[in-house]
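Structure record follows, encoded as structure tokens.
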Amino acid sequence: MTRRAQTHQQRADAPCHSGQALSKAARFWRSFPPSASPFCPVQAPIAHRKRVVTVSHSANPTPRRFLPTGPLSGTIRVPGDKSISHRSIMLGALALGETRVTGLLEGEDVMSTAAAMRAMGAQITKTPEGEWVIQGVGVGGLLPPETALDMGNSGTSTRLLMGLIASHGITATFVGDASLSKRPMGRVIDPLSTMGATFAAAEGGRLPLTMTGTQPAVPITYRLPVASAQVKSAVLLAGLNTPGITTVIEPVPTRDHSERMLRGFGADLSVEVEGDGTRVIRVHGPAELRGQTIVVPGDPSSAAFFIVAALIVPGSDVLIQNVGLNDTRAGIVHVLRQMGGDIAEVNPREVGGEPVADLRVRHSALRGINVDPAIVPSMVDEFPVLFVAAAYAHGRTVCTGLEELRVKESDRITVMRVALELAGATVQETEDGMIIDGTNGAPLPGTSGAHHVATHLDHRIAMSMAVAGLNSMNGVAIDDINPIATSFPNFIALMESLTA
Ligand SMILES: O=C(O)C1=C[C@@H](OP(=O)(O)O)[C@@H](O)[C@H](O)C1
Ligand SMILES: C=C(OP(=O)(O)O)C(=O)O
């Protein structure tokens, strides 16, 4: 019997999916005191939920001061792209046959995705040589997870997996850390409900959340109300096991890794670009995906911290190898060049179907600019570190159109405004952005005494403020470095290798 047939057979043998899995979810919730269940609004005291969601650092926070340094020099290689790594695991787990992945990001977020796909039937192992090998279950073959899926800090894992489950007749419960539990899931619940999935979420469409998918789901045409690759991907992934054509209309282009990779795995997917730039993406289901060999390029979002570090620390000259430069991701490089940053592309090539180059970055006198809001989706995760670059530039930098930053791991506008003020920068928060008056290259004072930047379980805040410390007078102390491991486990080691 093929693996696909086996998984279908297992499901056919299982009791009614909703009854069985809901009782598993119920077992999970019974392990909490009755008053803690967020599905029982009458029983759940608001105070309990508040206590859970206001935790702003990890269980054992590790504070650290990032000290001023001499020039950064040397060559580094950043870890694999987080978005591509998530999708490699998900699509590999959904394909028929074997998928082999090299360069996978082994950050906590991607490991949450791997654990979830294992819990739904995929076999995922790592060879001694560091290659990841995935035996997929086939589209339609996901099994009900026996316990809640712990998504940790990862919005991408949660929203994309909700898409996958929506068109499988299984029930799953999602839980996450205090940061993830504050983030809005309504943006995926809405289209996936239209396709037929049902949801019971905590107040405001948040985690913990239990959903039941439907098979067959209903194909929809969905116009994205927000520029989000996660929402786009959730609907497209749901479309894989939905008979007919599922269409996503994307007025503002966002990262296109799902489209590229779905095609690479053999899905019947088309992208039509209209005169005004609107993208119409259609996936024909049910799809049959075939295992692939994937090489994950380096993550431009991770490279951004070292690009900015080299630009702001006088005398620096750094080579960052293997940086993915897909147009839908490379906004930070364009903006920093506009600000006068010396960033040269060396050895441009293609890795895993994505444009890649090594970047040689030299210290530069940056100048403030008005950042075009149209570029925001292609650098949505890089604004915290761009604010740091702007804090060292000559003159004023104005960023607008950043509403989405308020619903990331933290409210990245407010949290960065507070952090930069604490380090002595001149910043103003606006409703949809930030205005930064730079020092013209002079060191920021940094944080003093017992003051620590509050990172709010947000890896990008921690890394951005670490970079800010490198050209400061006193250094910058942050309250917790643990969140860095969600996307960039060897960040500090690489920084130390360049500053040694
Ligand atoms: O699809 C993805 O892999 C991601 C999309 C972005 O989120 P949104 O789609 O919510 O903007 C980004 O912030 C996140 O780090 C990764
Ligand atoms: C927003 C991010 O990730 P996610 O949404 O997956 O938590 C990020 O990595 O900056």
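Glycine residues also receive a Cβ, built from the backbone N, Cα and C atoms like all the rest.
Among the candidates Asp381, Asp432, the one that TrEMBL lists alongside Lys82, Ser83, Arg87, Ser228, Gln230, Lys408 as binding 3-phosphoshikimate is Asp381.
Around Gln230 (3-phosphoshikimate binding site), taking its Cβ as the centre, 22 other Cβ atoms fall within 10 Å, counting all chains. Here the C-alpha separation of Arg412 (phosphoenolpyruvate binding site) and Gln230 (3-phosphoshikimate binding site) works out to 18 Å. Sorting the binding-site residues Arg183, Arg460 by the number of other Cβ atoms within 10 Å puts Arg460 first. Around the Cβ of Arg87 (3-phosphoshikimate binding site), a 10 Å sphere holds 26 further Cβ atoms from the protein chains shown. Rounded to a whole number, the C-alpha distance linking Ser228 (3-phosphoshikimate binding site) with Gly155 (phosphoenolpyruvate binding site) is 11 angstrom. For ligand 2, the recorded positions lying close by, meaning a CB under 6 A from one of its atoms, are Gly155, Asp381, Lys408, Arg460; the full candidate list was Arg87, Gly155, Asp381, Lys408, Arg412, Arg460.
Here the Cβ of Asp381 (active site, proton acceptor) has 24 other Cβ atoms within 10 Å, regardless of which shown protein chain they belong to.
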